[in-house]
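So that you can see what the record holds, here are the features copied from TrEMBL:
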ACT_SITE  His45  active site, proton acceptor
BINDING   Lys18  substrate binding site
Amino acid sequence: SAMAAVRDVEIDPEGTFKYILVRLQRPGGGEQRDIVRGTKAAEFHNHIFEKVNPEMEKLGYECKCLGGGKIEHNSKDKKIRVFGLSTGYGKADHSVTVEILKKEYRDYEITWSDDKK
């Protein structure tokens, strides 16, 4: 399906940056899944959503931001830490984010916390 063509995770390879958890859904219900997007290029969480939303609409999905936070990605030590929250969207369910990240980064140690920094 076209939904399978959408990558679960697109995050920067290194550094600490904002991320959002986004739910994709076919209009009128049916198939849905959650994806993770994060980048240092985004000063605010909504900048990420503003980029993802039109891309997904072209593919025929409705997007809903489920919340955000920050990701600390250390590719050298193969560690990812998920924490923090988005002022605009609220805190994403980091445990869900971690499960999605684990699919992509199988050999990583991935943790989350409600810490702000």
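Every residue, even glycine, has its Cβ placed from backbone N, Cα and C.
A TrEMBL annotation is a machine prediction, not a hand-curated record.
Across the structure, His45 (active site, proton acceptor) and Lys18 (substrate binding site) are spaced 6 Å apart at their Cα atoms.
Around the Cβ of the residue listed as 'substrate binding site', the number of neighbouring Cβ atoms within 10 Å comes to 22.
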